[in-house]
Structures are given as C-alpha cells and as structure tokens.
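Provided herewith is a single structure, encoded as structure tokens, for subsequent inquiry.
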Amino acid sequence: MTSRKKVLLKVIILGDSGVGKTSLMNQYVNKKFSNQYKATIGADFLTKEVMVDDRLVTMQIWDTAGQERFQSLGVAFYRGADCCVLVFDVTAPNTFKTLDSWRDEFLIQASPRDPENFPFVVLGNKIDLENRQVATKRAQAWCYSKNNIPYFETSAKEAINVEQAFQTIARNALKQETEVELYNEFPKPIKLDKNDRAKASAESCSC
C-alpha cells in the first residue's frame, strides 16, 4: 500500500469586521466561543486535521481583519489558497452588500488559475440573534448568481451548522488542491515557430 503524501489545505476567511470570522474559526477548531469581542489585527491562522472522504488532510484556516486598512494584506497572503470563505452578519445588511468587493478582492489578489470555478463558500452568521435583516432567499440568490456558491446559515455562539459548513469547505478545498496538482503535472507544451524548427534541425545535423 503506497502512503499518500500529507495534504495541507489553505482556507482564507474574508468579511467585514465584527461578522464573526474569528468566532467561527474558534468554534470549529477549538469548540469554544467568547462573548468578548477582540478585533483581529492583520491576519492569524489555526490548523485542524480532518477526514475528507477517508483522506486525512490538514486545514490551515486564515482569519483576517475586516477593517479597510488591513484589506490589502498582500499577494503572498492570498496566493496558494484552496478555498475562500465569505462571511456576513445576517443582522447587518451592509456586511452582506460588501461580499461582492471581498470576492473581487480575493480574485484580484490570489489570481487563481480558473477564477470562474474557484471554490467559495458563503456563511450567513449570527442566526441565533432575533433582529435578522438579510433574508435567506436574498443570500441564496446572490450565491446562485455567482456560479452557485454553497451557502450555510451559521451561529458561532450556538455551534449551528459550523461543522457542516467546514466539512463542505474542506471537501471543496481538497478538490481544488487535487485539480491544481493534476494541472501542474502536465506543463503546457512549448510551441516552436518555423524559424526555431529550422534552426534546431540545422544544429542537430553535423554533416
């Protein structure tokens, strides 16, 4: 039995400040929730080993500051991502409206090989609160218009749908990682023009 190499999946969580990105990550990785809000400065990450379809993978989940002054974290931060998670607060409509700009920001910075099919997952967080202002159908319609992005309604506080959402994130990230590996195994052929071919045949003929 051949041993499979370890797979590291890079997942980036984006969204406005205060939507619960850190809380979702902590709930998923550490099964903990804190009511004390502490803004993330720059970026931080946690890792978790998970089974995806009988394969053990390590997820490296990057949490980002939502403040605009941290929005340009640099190309190196985004590059190599296998999945991008977009988070909004269902009680704050403005955080939903900015999903477009977060998605665009990621695609510009990460410049994935196949942007049309790059895996995103959207989380509508804080469904445990009563003053909901973003309807489920509205969020689903946005996701459908963006190549049918998977959508989950979550509560980091009550641990609602967090595990299920990250299972989908891991599965989609693994699929993306596998496709990139296959693509890299078959480099693009180098095309020679007529002059190059003539030059090559002349150099190989030592008569």
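Just so you know, glycine gets a Cβ as well, placed from its N, Cα and C.
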Look up motif 'Switch 1' in Swiss-Prot and report which of 28-41, 42-55, 154-167 it refers to.
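That would be 28-41, per the motif 'Switch 1' entry in Swiss-Prot.
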Between the candidate ranges 3-18, 67-82, 115-130, 131-146, where does Swiss-Prot place the motif 'Switch 2' annotation?
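When 3-18, 67-82, 115-130, 131-146 are checked in Swiss-Prot, motif 'Switch 2' belongs to 67-82.
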Tell me, how many other CB atoms lie within 10 A of the CB of Asn125 (GTP binding site), whichever protein chain they belong to?
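Counting Cβ neighbours of Asn125 (GTP binding site) within 10 Å gives 29.
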At the Cα level, what's the spacing in Å between Ser17 (GTP binding site) and Asp63 (Mg(2+) binding site), rounded?
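Each residue's Cα considered, Ser17 (GTP binding site) and Asp63 (Mg(2+) binding site) end up 11 Å apart.
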At the level of the C-alpha atoms, what whole-angstrom distance separates Asp63 (Mg(2+) binding site) and Ala156 (GTP binding site)?
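Given the Cα positions, Asp63 (Mg(2+) binding site) is 14 Å from Ala156 (GTP binding site).
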